[in-house]
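Participant: Quick one: structure below, then a few questions.
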Amino acid sequence: MSINKILSAADITKALGEFKGADSFDHKKFFHMIGLKKKNAKDVEAVFYILDKDKSGFIEEDELKSVLKCFAPEGRDLSEKETKDLLTAGDEDGDGKIGVSEFIQLVANS
């Protein structure tokens, strides 16, 4: 499934523009700007599986680093700090990766 079947390409482009600068990424603001916060759990789960590029059932640190590129090719890589901050925010059980239920909760808490 394409991310643009779930979220507006215009909203994604606007949000990516907001976070172009290094260390400017705020996942709460990003999820709100792209409209993910308003989506139901099924749609949020579908986005999770798009972000889980290796289909492991988890979003690992290396996938988080390039998470913005999953929304649009012009997205940038997150800095190491941004990546760690996002992982810390979403990794409720401390296993170093974000599972689908953790991702749904991360979006809900944004």
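Glycine is treated like the rest: Cβ placed from N, Cα and C.
Taken from Swiss-Prot, the feature domain 'EF-hand 1' applies to 39-74. Residues or ranges marked as Ca(2+) 1 binding site by Swiss-Prot: ASP52, ASP54, SER56, PHE58, GLU60, GLU63. Among the features that Swiss-Prot reports, domain 'EF-hand 2' is placed at 78-110, with the record citing sequence analysis. Per Swiss-Prot, Ca(2+) 2 binding site is recorded for ASP91, ASP93, ASP95, LYS97, GLU102, and the stated evidence type is sequence analysis.
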Participant: How do the residues of the domain 'EF-hand 2' (78-110) split into helix, strand and coil according to DSSP?
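Facilitator: The domain 'EF-hand 2' (78-110) comes out at 20 helix, 3 strand, 10 coil.
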Participant: Report the residues of the chain - excluding ASP91, ASP93, ASP95, LYS97, GLU102 - with C-beta within 8 Å of the mean position of the site's C-beta atoms, for the recorded Ca(2+) 2 site, in sequence order.
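Facilitator: Near the Ca(2+) 2 site, the remaining chain residues are PHE58, GLY90, GLU92, GLY94, GLY96, ILE98, GLY99.
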Participant: Using only C-alpha positions, which one of ASP54, SER56, GLU60, GLU63 is spatially nearest GLU102 (Ca(2+) 2 binding site)? These are the binding-site residues in the record.
Facilitator: GLU60
Participant: Which of the three DSSP-derived classes (helix, strand, coil) applies to GLU63 (Ca(2+) 1 binding site)?
Facilitator: helix
Participant: Given the Ca(2+) 1 site residues ASP52, ASP54, SER56, PHE58, GLU60, GLU63, which other residues of that chain have a Cβ within 8 Å of the mean position of their Cβ atoms, reported in sequence order?
Facilitator: LYS53, LYS55, GLY57, ILE59, LYS97
Participant: Whole-number Å only: compute the distance from the Cα of GLU63 (Ca(2+) 1 binding site) to the Cα of ASP95 (Ca(2+) 2 binding site).
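Facilitator: Rounded to the nearest whole number, the Cα-Cα distance is 15 Å.
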